[in-house]
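Peer 1: Feature table excerpt (Swiss-Prot):
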ACT_SITE  696  active site
ACT_SITE  739  active site
BINDING   373, 374, 375, 376, 377, 378, 379, 380  ATP binding site
COMPBIAS  796-816  compositional bias 'Basic residues'
DOMAIN    26-221  domain 'Lon N-terminal'
DOMAIN    609-790  domain 'Lon proteolytic'
REGION    788-826  region 'Disordered'
């Protein structure tokens with residue numbers, strides 16, 4: 001029930017009805033957020049102009065006023081249809097004008113009435129009313145008396161729960177003997193919505209009105225009881241906390257008397273010991289002690305205490321001064337590297353050089369290497385071998401798909417669940433501040449609205465800055481200069497230049513077939529035999545079988561698919577032995593079909609014959625070197641150049657440069673000039689779903705274009721790579737070693753390369769150079785002379801104006817299905 005001054009409540013009930021003569025037409029005062037019941041005395045604050053005029057009009061005459069409630073209290077100037085029809089005829093008892101211009105009016109409800117009509121009065125509301133009289137109930141029946149008693153008891157219960165029940169209120173309630181008066185009294189003091197209070201007010205029958213009030217009183221009893229329970233629970237909780245605190249303080253006092261430490265004191269002492277043993281730098285130690293002091297002043301159950309504890313745990317567990325001792329025996333390190341990996345001499349020499357310098361200069365900073373090469377050549381496993389050779393711990397962090405800078409630098413401690421970045425986590429895992437830290441797939445880092453992780457790596461991978469690497473979580477510098485960082489990538493194109501500049505790039509090219517056979521015999525076969533539960537004597541795979549697997553069952557620069565095929569052989573043999581069949585099993589080249597099925601790859605040049613408009617280029621992709629086929633055909637049109645196969649801008653420009661060269665030298669190349677005006681030229685690079693770009697397909701495009709225009713076929717055993725200019729000059733390219741391996745896998749015997757790439761032939765393995773013939777050129781004319789075969793039959797030039805129903809141009813030979821490749825090199 002709403003709070004009501006006891007004097008007002010008693011005055012309300014003691015007021016006599018006095019048979020006052022209430023006029024039929026009264027000024028009306030719209031009231032907000034309250035329903036004024038009969039016999040109710042209530043102060044009203046009046047501030048609206050119309051309302052003030054209505055009060056003035058009532059005071060000027062007989063003080064009678066009609067009070068009606070607005071349907072929406074937020075409406076400042078309500079219309080007649082926004083005011084309830086039923087209201088109270090009231091009399092003004094007192095008026096007080098306030099300094100702010102408002103008027104405080106004390107009114108008493110006299111009788112219920114309803115609006116008959118509004119009289120015309122623009123400056124205020126004036127209404128004609130009809131008084132509503134309740135019927136005389138006479139003697140009350142038992143049911144009504146029981147209802148009244150129930151309502152009174154409920155009211156006393158509510159006031160009792162709230163601590164507001166007084167003898168005066170009890171006396172007032174006991175003195176009411178009319179159900180209508182009781183209903184009005186209780187309803188006026190309940191926290192009811194305007195619609196609920198108005199519904200009770202408009203109920204004329206006193207018993208029905210009391211029944212409605214009884215329902216709301218019952219609801220209020222439940223709410224008051226629930227509120228009392230909540231308050232009691234809160235008080236109990238507070239009492240328990242106070243009791244716990246008191247007992248805890250007593251326990252501390254007892255422990256101090258006995259010379260023993262409590263749990264919190266013990267925790268603080270443990271952290272102090274850990275901070276001392278961690279041998280932190282000065283700045284980190286000061287931060288740790290400051291946080292420990294905060295923890296000491298906190299209540300053990302404080303919400304921030306776990307966050308501070310977690311931070312201190314990280315500070316004391318990070319290896320500030322813990323380091324493994326390097327194995328500086330260069331001979332032993334070389335043996336370990338040779339034991340784990342075949343070839344890769346450049347990388348092994350670089351590691352041994354570092355160990356030699358480290359032996360002479362123990363304070364040398366760790367190198368930052370970047371291994372670049374196709375998948376499966378051993379970049380990741382090489383990192384493990386380097387760690388083993390140096391006697392260091394190894395940690396691998398995969399950067400592929402990371403888009404959040406916080407993965408590198410960590411989250412600030414203000415965030416819930418914050419942790420240090422992956423670099424600090426890795427060092428804690430290794431328990432050493434000088435591990436071999438491999439960051440895999442650095443070329444596949446992403447970036448989004450959360451930041452750019454590659455930019456966060458700039459500090460970590462810069463030897464001039466990483467001695468004071470700042471992790472957002474630790475918020476104190478950490479020295480990374482002793483860490484040997486190794487990154488891996490398939491290509492350097494997507495690595496930001498600023499990051500690439502901080503790393504020493506070492507290219508790991510693909511393996512030759514002979515190298516694959518040797519690696520398979522020394523490493524892959526023994527490993528798969530062991531993993532599949534076999535003994536070395538159970539299975540023997542011949543060298544020819546391994547060579548056939550490398551050339552006809554796989555086509556890759558690395559070794560992953562070859563190892564999978566070897567694993568397939570071992571599993572099939574394991575099954576036979578498990579079924580009780582006796583071995584040993586000899587796997588030869590001729591028996592591979594029985595175990596692995598038909599060959600999956602065939603040398604592509606074995607399936608083709610020289611064709612017009614088809615030239616073979618060489619591409620350098622993430623997966624190594626590949627053959628790249630370029631198809632050109634002519635069709636009647638208006639001399640347009642059509643390019644398809646998802647060619648990038650550089651390749652499109654190469655095609656236009658090739659066309660410009662052909663048009664400029666049409667006489668020398670014996671090209672009919674009418675072809676450029678009456679025929680469209682379509683250049684297509686198969687595997688259209690894969691984007692391709694790069695300048696090194698220039699001479700291949702020129703060769704295919706000239707072949708189609710002169711109808712001279714292109715030799716099918718020649719591949720070519722080189723950039724072309726509109727003057728016909730052939731410019732150098734990159735990735736010669738990888739492209740040579742790709743040509744060899746494709747069955748190509750001859751490669752045309754730019755003259756300026758001749759010096760790079762020394763990097764191509766000797767066994768590859770023996771199987772390939774290299775032709776160096778400096779001009780496109782030399783390329784065409786070597787690649788184009790004589791025309792089979794001289795063709796008559798097409799007419800300028802073909803007839804309306806002209807026959808289609810003579811169909812070229814069926815173009816071969818090109819092997820899927822990605823893009824020409826940069």
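Here the Cβ of each residue, glycine as well, is placed from N, Cα and C on the backbone.
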Peer 1: What count of other C-beta atoms do you get within 10 angstroms of the C-beta of residue 377 (ATP binding site), across all chains shown?
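Peer 2: 27, counting other Cβ atoms within 10 Å of residue 377 (ATP binding site).
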Peer 1: With the ATP site defined by 373, 374, 375, 376, 377, 378, 379, 380, which remaining residues of that chain have Cβ atoms positioned within 8 Å of the Cβ centroid?
Peer 2: 371, 488, 508, 557, 558
Peer 1: Work out how many Å separate residue 374 (ATP binding site) and residue 696 (active site) at their Cα atoms, rounded off.
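Peer 2: Each residue's Cα considered, residue 374 (ATP binding site) and residue 696 (active site) end up 19 Å apart.
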Peer 1: To the nearest whole angstrom, what is the C-alpha distance linking residue 373 (ATP binding site) and residue 696 (active site)?
Peer 2: 19
Peer 1: According to DSSP, which kind of secondary structure is residue 380 (ATP binding site) found in, if we only use helix, strand and coil?
Peer 2: helix
Peer 1: Roughly how many angstrom lie between the C-alpha atoms of residue 739 (active site) and residue 380 (ATP binding site)?
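Peer 2: Rounded to a whole number, the Cα-Cα distance is 23 Å.
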Peer 1: Can you tell which of 379, 739 has the most other C-beta atoms within 10 Å, given these are the recorded positions?
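Peer 2: Output for this query is 739.
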Peer 1: Given the recorded positions 380, 696, and counting only Cβ atoms in the protein chains shown, which has the most within 10 Å of its Cβ?
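Peer 2: That would be 696, with the most Cβ atoms nearby.
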Peer 1: Given the binding-site residues 373, 374, 375, which one has the fewest other C-beta atoms within 10 angstroms of its C-beta?
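Peer 2: Counting other Cβ atoms within 10 Å of each of the binding-site residues 373, 374, 375, the minimum falls on 375.
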Peer 1: Between residue 378 (ATP binding site) and residue 696 (active site), how many Å separate their Cα atoms?
Peer 2: 27
Peer 1: Cβ neighbours within 10 Å, counted over all protein chains: which one of the binding-site residues 376, 378 has the most?
Peer 2: 378
Peer 1: Hey, how far is residue 380 (ATP binding site) from residue 696 (active site), Cα to Cα, in Å?
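Peer 2: Approximately 30 Å lies between the Cα of residue 380 (ATP binding site) and that of residue 696 (active site).
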Peer 1: Could you state the whole-number distance in Å separating the C-alpha atoms of residue 379 (ATP binding site) and residue 696 (active site)?
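Peer 2: Each residue's Cα considered, residue 379 (ATP binding site) and residue 696 (active site) end up 27 Å apart.
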